[in-house]
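Okay, so here's the structure we're looking at.
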Amino acid sequence: MARPGVLAHLQPPPSLLLRVVCALLLLGFSSSACAVRDPFGGLRLPSEREREGGGEASGREREEDAIGERGRRWAVLVAGSFGYWNYRHQADVCHAYQVLSKNGLQEENIIVFMYDDIAFHEDNPRPGTIINSPNGVNVYKGVPKDYTGRDVRTSVFLNVLAGNKAAVRGIGSEKVLASGPSDHVFLFYSDHGGPGVLGMPNSQLLYADELNGVIKGMHEAGAFLEMVVYLEACESGSVFEGLLRPEWNVYATTASNAQESSWATYCPYSQLAPPQGFETCLGDLYSVAWIEDSETNDLTRETLLEQYLVVSNRTAHAEGFMIGSHVMQYGNMDIDLEKCSLYLGSNTELTTAAGASPSSTSLSPFVNNQDEEEQEEEEGKKTGIDLEKCSLYLSSNPELTTTGGGRSPSSSSLSLFVDNQNGEVEEEEEEGEKRMTHGERRSLYSINNKGGAVPLRDAELGSNNELATAAGAADKSASSLLSHFVTNQKTQEEEEEEEEEEDGREREKRLMGGKRRRSLYSMNKGGGAVPQRDAELVHYWAKLSNAVEGSARKAKALEELSRITSERAHIDRSVSLMGSLLFGEDGGDRFLNARRATGLPLVDDWNCLKAVVRAFEAHCGHLTAYGMRHMRRFANICNDRIPISRVEKAAAEACAD
C-alpha cells in the first residue's frame, strides 16, 4: 500500500471572485447591489432555483446538476470503541445513520461499523435502546449491522474503504465501498484517538499514514469525485496534518486540533445530564453538533462551510466557558462551499425561507432570545450572504487563523457575544478578579460541580474528600490512587498546554478589544462536556456514587475505579521513565513534549513509531485509549532517530517491576 511522504502544507486560497464579493459587501454595498443567492453555496439544486423563481442555470450549475444526477452518495460510519462507558461513540454512529437514512441515502450505500455491545448491555437501563441526547429517541432501531464485534478492526475497515471485496469475504455483511468517479463519499469516524492514531476495539490502532494511504489510493483509482470526512477523536487534527493533500479532492473536519482533547457531552452531573439510570455520557460534542445541525436544517441550502462554523462554535464553547476544542479543516477547502446535501442527503420535511441562515437555525436550541444588535445582523442576512462568514475569507482579517496544517477560526470569530444584561461591558480585569487560565477553570469546576460541564481529569471525580465521603471509609485506597493520578496528570497537562493557552488568551484579548463579554451559551447553559478520555472515570464515579452502600455493585465500581487510576498512573510513569533513560534525567520531559513546526506530520518514520509502540506494549502492557495521549512522545523518540534497540532496552528497564 502506498504511503505519503512528508508533505509540505498546501492550502489553496479562496477564489478571487469570492474575495471581491466579500470585500464589496463589507465595504457597505447595499443589499440590492448584492442580490447574489448565497455565494457560499457552491452547488444549487434545480429545486432550489425553482423555489427562488426559476432562471437560467449557469454552465457551472448545469455541470454540477449533471454530476448529481448520475453520481451516487455513499457513507461509511465507524464507532471504533467498545464497552458501556464508551456508549457515546455507538450512539453517535447510530444517530448519524438515522439522519442519512431519513435524508435519502440508500441502505446498500451505507456501511456501519459498531461493536454492538451497548444496546443490550447489563448497565443499559433501556434494553434494546440507544439514545444520543437526554430527550432523544431510540437511534438503534433499524441500524444495519454490517461489521460488529471482532469484525470491527483496522484491517477490515481499510479494506472496506478501499473497496477490496476479496479481503472481506466471509466477514460481516461483506459490504465494501463500491463508489465510482462520479460519486460523493462521506466518512464519519467516532472514537478515541491520540497524536497520529485512532482507536479500534481490542487495543488495535489505526495509524494516520495508513488512513491517508488508503484515501490517496482511492483518489488515484477514481473511487470518488469528492469525499468528506468528519472525524471525532482526541488530537484528531494530527491524523491529517501534513498528510492530506488538497489535490486528492478530500475535505476533512476534525473535532480537535493536533494537540488537544475532544469532548464528550450529555454527561452525568451536567446541566443536560442523561436520564436517570444512564451513568455514562450519551454523545460527543463535535458529533452531536453536526448531527443535530443536520436534523434541524435544510441541507439543500446549508453549505459545508456554514455547518462547519456552527459546529465549530458549539464545540469550542461548551457551556460558554471556552473549555471545548478547536474544530479544524484539512484538505481541499473549496469543497466546503458545496451543499451538505451532496454528502448527507436532504430531509424534504425541512424547508427554510430563501436567504435564511442555517447557522442561526441550528443555534435555536441554545439561544432563547436575540437582542437588537443580533436582529440587525439578521436583517443583513436577507441578501442571502452572511457577512460574518464572508469576512472570514478576507486575507486581511486577523480573526482567520491557520494552525497545524489546517484551518480553524479563532475562538472569538466563532462566538456570538452579547453585552451584560444591564448594557454595560465589563472591563478585562475587574478588581480582585483576573481572566482564568485553563488550569484555573478546572479548579473552579472542581469546586462548583454545577457549571453544566463535567470538568477535566483532576475534577471529574470530585475532590478526594468527596470521593472518600461518598464511597465510604473502605474506599480511601481509591482516593489515594486518585490523588497520585491527579497530581501527576495535572503537571503533564499544564506543561503541554502552557504555550497554547498564552497564545489563545492574547489573541482573544486582541480580537475582543480588551473587553470581556458573555457568550450566549453561557447564558443558556446548554450541553455538558467532559474530555473524551475521562468519560470512563465519569462513568465509574457515577456507578460508585449511585450504588447502595455495602453492595456488590459499589464494591465492583470501586475496584474498577482503582484499577483504572492505577493503570493510568503506571502508563504515565513508564513513559516518563523511558524518556529519562533515553534523554537523561534533565532532558527527558523536554524532549518528549517537543512539538514539530506547523504543517509537518507527527513523525517522519511511521514504521519507527509503530515499532516504539510495540516495544512499549511488550514490556509495559497495552497502551489503552488513555495511553494514546503519549503518541507524540513516542514520535519524538523516532524523530530524534533513537535506535529501536535502545527503545526496547529502555522500555524493559522502565517496566521491570
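Start at 1 and count along the chain as shown; that gives each residue its number.
Any Cβ shown, glycine's included, is placed from N, Cα and C.
Keep in mind that TrEMBL annotations are predicted by a computer and have not been checked by a curator.
Values in this document were obtained by computation on a predicted structure and should not be read as measured data.
Copied over from TrEMBL, here are the features:
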type: ACT_SITE; residues: His192; note: active site
type: ACT_SITE; residues: Cys234; note: active site, nucleophile
type: COMPBIAS; residues: 46-65; note: compositional bias 'Basic and acidic residues'
type: COMPBIAS; residues: 353-365; note: compositional bias 'Low complexity'
type: COMPBIAS; residues: 379-389; note: compositional bias 'Basic and acidic residues'
type: COMPBIAS; residues: 493-503; note: compositional bias 'Acidic residues'
type: SIGNAL; residues: 1-35; note: signal peptide
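Other C-beta atoms found within 10 angstroms of the C-beta of Cys234 (active site, nucleophile) number 29, with every protein chain shown included. Counting Cβ atoms from all protein chains shown, the residue listed as 'active site' has 27 others lying within 10 Å of its own Cβ. In this structure, the C-alpha atom of the residue listed as 'active site, nucleophile' lies 6 angstrom from that of His192 (active site).
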